[in-house]
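Asks: Got these off TrEMBL a minute ago, pasting:
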- 1-22: signal peptide (SIGNAL)
- 68-87: transmembrane segment (TRANSMEM)
- 99-120: transmembrane segment (TRANSMEM)
- 154-173: transmembrane segment (TRANSMEM)
- 185-205: transmembrane segment (TRANSMEM)
Amino acid sequence: QIAFTMAPLVVHALGLVSTVLGIFCVQTHESVVANGSSVSEESSLLQAEGGEDNDDVEDPMQVMKRGFFVSFLFSMLSIWLTCYFLLNVPEAPRAWIHFGICGTIGLLTSVAIVLLTEYYTDYWYAPVRRIAEAATSGEGVAVIAGLSVGMESVALPMVVLSVAIVAVFSVGFTSGLEHRTASGLFGTAVGVIGMLSTSGFVLSMDVFGPISDNAGGIAEMS
């Protein structure tokens, strides 16, 4: 049916909307100083340059994660609405629920991969700290530690993806449609669509890297 062809396109279109909504949420709150008055983040950063404590400034990573989860919630809502209105067929009245579950599994998979990526690349967590500690012993030790962490970091995402693929195929296979194998494959496709529905925001998070690098370069030259 044409609805089964249109459903992935609609989900991706709504995924762009969810990305825009998430981007609108990427803004820091005003800092509150000791006397109760509020100051802007720019003022707080200028105070930090003068050597004062900068505990009131919100972590930029937390700001981006907040925007990501807003995008995640809207994407989940869009998946369920799309499945209800386009995949609700009379011959299998509960099929849309199965495909909605497939999309939700895909979304949760994307969240798991984002969190795993943060764990292996953020300086707050043990892997990066181990590399930094190894660097104190020399360049060779730092390279070896970095390679070992890099190879280790792909293991859990592979396990998560494998479990997700089996899960979405199984849920789609039991959707109640006549062609069960095709239903399982379509459930897998819906899961992939769900996993990629937040990809616009995830890719936009990479923009933070060049901005911070260039800001650091300007600070060093000045």
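Positions of Cβ are set from backbone N, Cα and C atoms, glycine also.
All TrEMBL annotations are machine predictions without curation.
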Asks: Under 8 Å between C-beta atoms and at least six residues away from its ends: which parts of the chain pack against the transmembrane segment (99-120)?
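Replies: Hits for the transmembrane segment (99-120): 7, 11, 61, 68, 72, 75-76, 79-80, 83-84, 87, 127-128, 149, 152-153, 156-157, 160-161, 164, 167-168, 171-172, 175, 186-188, 190-199, 202.
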Asks: Go through the chain and flag residues at least 6 beyond the ends of the transmembrane segment (154-173) whose CB is under 8 A from any CB in it; none is fine as an answer.
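Replies: Beyond its ends, the transmembrane segment (154-173) has Cβ neighbours at 98-99, 101-102, 105-106, 108-109, 112-113, 116-117, 180-181, 183-188, 190-191, 195.
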